[in-house]
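One structure is given here, and the rest of the page talks about it.
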């Protein structure tokens, strides 16, 4: 009983909110067998046909290529593209591609040679003999991307789900009106669908494998049931027809009952989904070594006399396929790539088929109906009821029109699957999906600009930091070079410090002058040099202190100890210098010229007399009658002070003026000197007499 209940539970089908039931319009092409499209005169292969960056070119203009030969290099999430047939590359230039913007992208133009000659192939009949890494690499190098419309690199998707997938879902719903590519593929290649599913099971090791298909495809259901005989691990689930049940989140909810959170993918709940066409491409890449160079494309619409499904090479122009289907242009032809709800109108019929092109719709004016003008939103709420993603289309519309990008992002704009259900039910004929696509593109552009700005800012800040480090290092080198002393400079400083210490020790000693010899000024000169050397040493210490980084972690007691040690070392060095230089004795003095010493002494005496005379003339001479009125003690003191000043002035004059030769000495008047000396003696005698008269014994 429990087993029956469990089996019944496995067959449960859930439903999702929203959705619509538009006319299916599938019988125009689903009852016609698939045809192989002929090669056009020129194939135009865009380099980017998937999500992610385009690959690096590995061919050049004028080069001959073989069928299946890679045209670009595939690294990481970059999927390579391949030559759809053998021929010559006539150009590598921009061309309009299958995109709503109608912008030109870089494409490889190949002129077929008609031979359709393959490159060397290496089929793997038994994939179970290969490890998973080799299988994933082969899928990647085959250029396989999601053929259901997203274009996500299949190998990257499988790599991310190797250890986290519990449920593998094969999407065979194909819910959009007019499109029957997967329907015819399952009818005619059901065995390849099953074999590709088994390869995925070998890679992912899922606990459950489900194939979801709508109940409006009875022929495909019968073909799959026949191919799945004996494959109990693969379960075929037939679901009700409802648009958009083929969406990844919607089909996950229908088959498992699990809802994918906002902003997440099905892989976040352990579910991995692959399209039927992608599964067949995986089988052909692994077993047959055929890269993705062709796919099934539905050509339908009342403007075609022979609608159906075609195996079309990647790069085939749309106009070439339309001609094969009997295209009859209207007055204002409209060709849509994709379905009527999720497709877009082509700006040019020279646009090539790419990996995600599943349908080309060529309707007549009557079929599409008259285009009604867009009107104001009446806030009816029908779009909210129809949205299968649980969004608020009305609010997203206002945010998109008002360019309120952050509000649109916060209202989960990127969870919109662009199914068109909201626009289908809108009574105001508002093209809501177009607004959402434009808003998404603007947000992506702003994000890219912000990312580039952040990268530029990071580079600028890194450059500024590097320049600052280089500046600090350069200044430090300059400071170190400025304070670096050579050996000679160090010796000079030490010698000057030693002389200064020697002079300090001999401050009480007098300078001896030997008669007939010039005075020894070496001590004065040495002191002056020592002071200069000491000043230079202080400057050096200041520079060294400035060059070293400041720190507050130095102990003041340690600093005091270091200073004391430095003073002791300096005193020892000065004493050693003093002991190393012998002091000259007085016996060495007679080596100087005695005549020069005599001349210097005579000049000193003459200058002293002149100074005394000048002092006498500057003060008025008092008469003898006035003398008794003065205080003799003050006069004696004044005379003594005058003599001292005269002696100091004479000594200063002697030091400041150069020593004159013998020939210059007789030029002074000896009589004036004698008069001055006599006057000085008279004043002294008067002062003495006055002092004795005032103070008798």
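In case you wondered, yes, glycine gets a Cβ from its N, Cα and C as well.
Bear in mind that the values here come from a model prediction, so they are computed numbers and not experimental data.
As given in Swiss-Prot:
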{"type": "BINDING", "residues": "377, 380, 383, 426", "note": "[4Fe-4S] cluster 1 binding site"}
{"type": "BINDING", "residues": "387, 416, 419, 422", "note": "[4Fe-4S] cluster 2 binding site"}
{"type": "COMPBIAS", "residues": "581-596", "note": "compositional bias 'Basic and acidic residues'"}
{"type": "COMPBIAS", "residues": "597-615", "note": "compositional bias 'Low complexity'"}
{"type": "COMPBIAS", "residues": "619-634", "note": "compositional bias 'Basic and acidic residues'"}
{"type": "COMPBIAS", "residues": "635-653", "note": "compositional bias 'Low complexity'"}
{"type": "COMPBIAS", "residues": "657-672", "note": "compositional bias 'Basic and acidic residues'"}
{"type": "DOMAIN", "residues": "366-397", "note": "domain '4Fe-4S ferredoxin-type 1'"}
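Long-range Cβ neighbours of residue 377 ([4Fe-4S] cluster 1 binding site) (same chain, at least 6 residues apart, Cβ-Cβ under 8 Å): 394, 397, 398, 428, 430. Straight-line distance linking the Cα atoms of residue 416 ([4Fe-4S] cluster 2 binding site) and residue 383 ([4Fe-4S] cluster 1 binding site), rounded to a whole number, equals 12 Å.
If you take every residue in the domain '4Fe-4S ferredoxin-type 1' (366-397) and average the pLDDT, you get 91.
Residues 377, 380, 383, 426 make up the record's [4Fe-4S] cluster 1 site, and a Cβ search at 8 Å around their centroid adds 378, 379, 381, 382, 393, 394, 397, 422, 425, 427, 428, 430, 432 from the same chain. Checked against residue 380 ([4Fe-4S] cluster 1 binding site) by C-alpha proximity, the binding-site residues 387, 419, 422 yield 422 as the nearest. Each residue in 18, 383, 386, 388, 389, 391, 393, 417, 418, 420, 421, 432, 433, 436 lies on the same chain as 387, 416, 419, 422 and has a C-beta within 8 Å of the C-beta centroid of that [4Fe-4S] cluster 2 site, without being one of the site residues. Each of the binding-site residues 380, 416, 422 was scored by other CB atoms within 10 A of its CB, and the lowest score goes to 380.
Applying DSSP to the domain '4Fe-4S ferredoxin-type 1' (366-397) sorts its residues as follows: 13 helix, 0 strand, 19 coil.
Cα of residue 387 ([4Fe-4S] cluster 2 binding site) to Cα of residue 426 ([4Fe-4S] cluster 1 binding site): a distance of 11 Å. Cα-Cα distance from residue 426 ([4Fe-4S] cluster 1 binding site) to residue 419 ([4Fe-4S] cluster 2 binding site): 13 Å (rounded to the nearest whole number). Of all Cβ atoms in the protein chains displayed, 24 besides its own lie within 10 Å of the Cβ of residue 387 ([4Fe-4S] cluster 2 binding site). Rounded to the nearest whole angstrom, the C-alpha distance between residue 422 ([4Fe-4S] cluster 2 binding site) and residue 383 ([4Fe-4S] cluster 1 binding site) is 4. Taking a C-beta cut-off of under 8 angstroms and a sequence separation of 6 or more, residue 383 ([4Fe-4S] cluster 1 binding site) has the following same-chain neighbours: 393, 394, 421, 422, 423, 425, 426, 432. Around residue 419 ([4Fe-4S] cluster 2 binding site), the same-chain residues six or more apart in sequence whose CB sits under 8 Å from its CB are 243, 244, 247, 341, 342, 388, 433, listed in sequence order.
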